[in-house]
Structures are given as C-alpha cells and as structure tokens.
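Here is the structure we will look at, set down as structure tokens.
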Amino acid sequence: MIFIPVMKEFFDIVVIGGGHAGCEAAAVAARMGAKTALVTMDSEQIGAMSCNPAIGGLGKGHLVREIDAWDGLMPHAADYAAIHYRMLNRSKGSAVQGPRIQADRNRYKKAIQTALKEQAHLTIIEGMAESFQMDKGKVKAVLLADGRSLKTESVVLTTGTFLDAWLFCGEKKWRGGRIGEQPSIGLAEQLKALDLPLGRLKTGTPARLDGRTIDWARLQRQPSDEDAWTMASYGTGRVAPQIACSLTRSNQKTHDIIRAGLDRSPLFSGAIEGRGPRYCPSIEDKIMKFGDRDGHQIFLEPEGLDTPLIYPNGISTSLPEDVQQAFINSIEGLENTKIVQFGYAVEYEFIDPRSLTHQLELKALKGVFCAGQINGTTGYEEAAAQGLVAGISAACAVAGKAPPVFDRRNSYIGVIIDDLVLQGVTEPYRMLTARAEYRLGLRADNAVTRLSGQAKAFGALGTEMTDFVTKRLAEREKCQKLLEKAASSRDMQAVGANVTEGASHSLFEWLRFPAVTRQHLEALIPELTEFSDAVVSEIIDDGRYAPYLERQDAELARLAGHDNMPLPAELDYATIAGLSNEMVEKFSAARPPDMASASRVRGVTPAALAAILIHAKKVTL
C-alpha cells in the first residue's frame with residue numbers, strides 16, 4: 001500500500017530507507033506486531049541491488065543464513081532470484097564455506113517488494129524524510145519533504161549511501177545517492193546539528209557491459225553448482241534457470257592505461273576524501289597497491305535472465321569515461337565490448353557506530369536506531385543483518401520488553417554489532433570469517449539450530465517458518481538421540497570403518513575419527529536414512545568439529561591469559577605468518593607494547609591476536 005495523503009495515523013516504528021537494511025527492519029518489526037511504516041523515495045526501487053547482483057560469499061553467506069534463522073526476507077528473495085549458485089571455499093571445512101548466489105536483479109527486487117506488500121502491520125509510504133520532530137531529546141514525528149508528518153516515537157535510520165552524498169566519475173561531480181537518484185540532505189543537516197559524530201566514506205561500482213558484445217568463447221566458463229543447496233532453510237528450492245558466469249583478467253596494457261589516467265581520477269586528485277572498502281577496492285587502488293602483479297581476476301556476472309547487462313566484478317572505478325572505455329577494451333574477450341553505464345564512486349556521510357548501543361540505538365537520541373551503511377559498513381548482507389537487529393530492537397522497545405542478545409559466541413551478527421559499537425570503523429566494514437573467534441561453531445548450516453529458537457520466542461517468525469523450525473528442531477533432537485547409542489571398535493570395523501581405537505564410544509563421538517563416515521552410521525542405525533539430509537549432515541559436522549571446538553575454546557582461554565606478554569617495539573609485523581595486510585597496517589601504526597594493548601587496536605581480529613601471540617612466544621624463547 002502506498003500512502004499519499006496527509007498522515008493522521010500514529011506508527012509504532014518508522015523505518016527510513018528501502019534498501020536491504022530498511023526492508024529487513026520493517027519486515028521483522030511488523031512480524032513482531034509493531035505498526036510499522038517504511039518510508040522510501042521511490043517504492044519501485046525497494047530492495048534494489050545497487051552494486052553487484054549477488055548475495056552471500058565468505059562470511060556474508062553466514063549472515064544470510066542467520067537472517068534466515070530469524071525468517072528474514074533476503075534468503076528467500078535470493079533463492080527466487082538465483083541464476084547461479086556457488087559454494088565458496090568448498091575444499092575447506094564447512095565452518096568457513098561461503099554460500100553465494102548470482103541474482104537476477106529484477107526478480108530479487110520483485111521478491112522483496114511482494115513480501116513487504118503482503119506483510120501485515122506494514123505500510124509503505126513514498127516520500128523523502130527531511131527531519132525529525134524532537135521533544136526533550138526524544139523523537140515525536142518524522143517530517144517529509146512534502147510537509148507530511150508521521151507521528152512515532154521510534155525510528156530506524158537506514159539511509160545507505162544517500163546521506164549528504166556526492167557521485168564522481170572522472171572530473172565530474174554531482175549530487176546523488178545512487179545513479180539517477182537524489183541524496184538525503186535534510187536528514188544529514190539535522191544529524192550534524194545534533195552534534196553527532198559523523199564522518200565520510202566512499203564506495204564505488206564498475207561499468208555495466210553489453211553482454212552481446214563480449215567474446216565469450218575466449219573466456220573461462222564457471223557453471224553453477226549442481227548440488228541442490230539453497231540460501232533459505234525451507235521453501236521452493238531453486239526456481240530460476242541456472243546460467244554460467246565467466247572469468248577474464250586485466251593485463252599490462254590495462255594497467256598502463258589506468259596509470260596514465262590516474263591524474264584524472266577523483267580518488268587521487270583529492271576530490272574524494274572518504275576512505276573506500278579495503279576488501280572491494282577500485283581497480284585504480286589495485287594497480288597502485290599491487291602494481292607488480294601481471295593481472296587481476298575479473299568475474300563477468302550476468303545481471304539477469306532477460307537482460308544483456310553484465311556486471312564485471314573486480315573493476316570498480318571512478319575514472320573518466322574515456323579511460324574506462326579504453327581499459328575495458330584492453331581486456332581479453334572485451335576488446336569490442338560496449339559500455340551501457342559507466343562506473344562511478346559515491347561519497348556519503350556515516351555515523352561513528354561507537355555512538356550506538358548493542359541494540360543499534362543512538363545513545364544520544366532515545367528511540368532512534370541505525371542500520372547499514374550509515375553505521376560504516378559495506379555490503380548487502382551486513383546491512384540486512386543490522387536492519388534485522390535494529391527492527392527487533394525497535395519492536396522490543398515499543399513492546400516494553402528486553403531485546404535478544406546477539407553476541408560473538410552465538411552469531412556472526414553478534415560479531416558485527418560488537419565490532420561496530422566497541423571499535424568503530426576507519427573504513428567500510430566487511431564481514432570476514434577471521435573476525436569471528438568462535439567461527440568453528442558458527443557454521444552456515446547450523447544457523448537455525450543456533451538462533452531460531454530465540455527468534456520463535458520473540459515472535460519474529462511467520463507461520464510457515466514457525467512450523468518448519470518446530471519440526472526441524474524436533475527432528476534434530478530425535479536424530480541426536482539415536483547417535484547416543486554406544487558402539488565398540490569391533491562394531492565399527494564390522495561395518496567397514498578402519499578404526500583401531502579400542503574403547504567404546506557413542507556413535508556421535510566416533511565422528512571425531514575421519515575414517516568413520518555417514519554410511520558406517522547408517523549401517524549401524526538404518527533409521528538415519530529416514531531423516532532429512534540437512535539434519536544428518538549438520539549433526540555429523542557437529543561431531544567432526546567437536547574436538548576442534550574444544551581446542552578453539554582452550555586457545556581463546558590461553559590467549560586471554562597472556563595480556564601482560566610484552567611485544568618488542570621493533571617487531572616487524574609483516575613477517576608474522578597469518579597476518580593480513582590490514583592487520584599488518586594497523587599494528588605497525590599502533591605499535592602496542594603488550595598483548596593487552598594489541599587486543600584494543602581498532603579493527604583487530606582474534607585470528608590476528610593468536611598469530612601475534614604465537615610469534616611473540618617464539619621470539620622470546
């Protein structure tokens with residue numbers, strides 16, 4: 001429903017912004033029974049994928065599965081729109097595998113919009129939020145640019161890249177939060193007037209290519225995964241036709257063209273002040289920082305089933321249009337490629353997330369919650385996860401009850417929140433598995449087990465998800481009970497397991513032994529074949545990871561006991577095995593005198609602390 005007339009109704013919650021964060025915030029708040037309004041400048045752009053047409057990936061896929069555990073929109077929209085599935089890190093353990101899909105942009109947007117329009121307790125309002133009406137430090141209404149007033153005492157800000165935003169392409173600079181769309185100026189001015197700690201960040205997007213002008217025969221083809229996994233834990237499965245992506249590389253000629261145009265790049269001319277995302281750098285950044293490489297991978301990703309548009313993942317840029325055309329035509333397979341839309345950068349305002357509580361509520365403005373890029377993050381999945389938390393928190397505040405706890409032990413969502421509100425950001429924050437010290441227990445495949453019970457208790461699940469979770473958890477409990485059956489080594493050997501251990505163990509404990517397979521368990525307990533593959537696989541992974549989880553917890557406890565270990569002032573962090581370039585940069589700048597100080601370096605990961613501790617022990621022996 002689109003609201004046009006003067007507003008007379010009171011809304012429990014007003015969500016500002018129809019991007020990934022705003023959609024999840026509005027949906028979960030409404031599912032929890034709060035009377036919710038979603039304000040967006042253009043209702044046709046709700047759920048739009050502004051940059052790459054993909055959902056999931058390393059660390060990000062975990063977030064999508066956790067959103068799914070709370071019955072969020074993103075996983076189901078992803079499956080409806082998916083035209084290519086790929087499990088990243090497939091050769092590694094399930095704890096660090098990353099489910100990722102390539103989406104048809106229009107199908108994804110349609111799925112999100114349909115879900116929101118069918119959601120009870122939710123009204124979609126088209127208009128530009130201009131400011132808040134305040135009374136004694138509390139929000140009383142949201143004022144729209146056309147004079148309408150939405151009465152409320154709880155607001156969720158999800159402004160994305162629109163807050164006081166500028167777009168850049170070469171020497172050109174113009175107002176906009178996304179190509180063809182106006183920025184949010186009024187809200188930015190009010191936030192500045194309220195003396196909130198603000199800063200500026202930058203992101204960018206590559207040119208869009210006409211796939212009909214690409215020489216596909218010369219490129220490396222990447223087919224979709226054949227196994228039938230999906231993003232959502234239940235639903236219709238894979239519904240769209242599957243198509244392949246392709247791979248090419250930049251070359252020395254490409255790099256020479258880019259270098260020659262750097263003096264016209266807003267990134268290097270000083271026109272852009274905000275720092276860009278480290279883990280999704282522009283091609284200009286790559287050439288400057290990794291100039292010795294002979295090429296960089298470029299993934300050519302179709303934008304949909306009914307469009308020739310191709311998204312060239314890996315060459316985000318804000319170089320002038322003529323330079324973009326030249327360097328793209330220097331790449332193998334793209335020599336005659338036409339550009340449909342040139343790449344550009346966007347610089348926007350964000351709020352220092354250290355000014356937020358763990359519920360993503362502004363400490364200085366009671367009743368105002370923030371989610372997504374306004375908090376200094378980058379990525380659809382990071383935004384959606386924060387939107388979920390902000391929506392839940394706002395709904396709980398309205399209902400007068402304590403919100404759920406997302407912490408580092410139970411979710412990647414908890415890791416994001418903790419990192420943001422305690423450490424803040426100096427660059428757009430992206431989720432990585434290395435940021436989660438408890439990652440071995442936070443697998444993408446066990447999100448429902450970890451989180452859906454809590455979601456059900458808070459009334460955040462729809463009817464279908466409630467039924468699914470009830471059956472799934474009961475099935476898991478029954479399956480787990482079967483695996484409590486004891487078996488001797490002779491029993492295991494009798495079904496073909498190559499084990500020499502003499503003691504008797506439960507079948508679950510036998511999973512610690514690599515030689516014991518699912519087939520061995522099914523031979524001993526034929527009833528296992530009656531359970532869903534998802535439940536059996538999850539419990540098997542639980543057993544496989546059990547000894548590693550014990551070791552993980554022991555290592556974390558040991559790490560906590562070395563706060564006073566000194567670190568040499570001349571320590572060369574670049575020589576420490578396992579430290580990323582980001583961590584080397586941060587520690588080299590901070591020069592912490594001991595492990596306790598190292599743990600307080602902004603943006604530090606638990607994996608980095610463990611690597612430093614191991615190195616420090618070696619050099620002090």
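Placement of Cβ uses the backbone N, Cα and C atoms for every residue, glycine included.
Positions annotated as FAD binding site by TrEMBL: G17, G18, G19, H20, A21, G22. Positions annotated as NAD(+) binding site by TrEMBL: 276-290.
Overlay of TrEMBL annotations on the structure.
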| residue | record | DSSP (3 states) |
| --- | --- | --- |
| G17 | FAD binding site | coil |
| G276 | NAD(+) binding site | coil |
| S282 | NAD(+) binding site | coil |
| M288 | NAD(+) binding site | helix |
Rounded Cα separation (Å) that holds between F290 (NAD(+) binding site) and H20 (FAD binding site): 32
Nonlocal residues around A21 (FAD binding site), in sequence order (Cβ under 8 Å, 6 or more apart): T158, G160, A371, G372, Q373, A383, A384, Q386, G387, A390
Packing count at C280 (NAD(+) binding site) (other Cβ atoms within 10 Å of its Cβ): 19
For G22 (FAD binding site), the three-state class that DSSP assigns: helix
For H20 (FAD binding site), the one of G276, S282, E284, K286, M288 that lies nearest, given that the binding-site residues are compared by Cα: G276
Which of G18, G22, the listed binding-site residues, has fewest other Cβ atoms within 10 Å: G18
For S282 (NAD(+) binding site), the one of G17, G18, G19, G22 that lies nearest, given that the binding-site residues are compared by Cα: G19
Least buried by Cβ count (within 10 Å) of the binding-site residues H20, R278: R278
Length of the line joining the Cα atoms of E284 (NAD(+) binding site) and G19 (FAD binding site), in Å: 28
Minimum Cα separation from G19 (FAD binding site), reported as the residue among binding-site residues R278, C280, M288 that achieves it: C280
G19 (FAD binding site): tally of other CB atoms within 10 A of its CB: 30
G276 (NAD(+) binding site) versus G17 (FAD binding site) - Cα distance in angstrom: 22
Any further residue of that chain within 8 Å (Cβ to the Cβ centroid of G17, G18, G19, H20, A21, G22) of the recorded FAD site: V15, C23, E24, A25, T40, I46, T158, G160, A371, G372, A383, G387
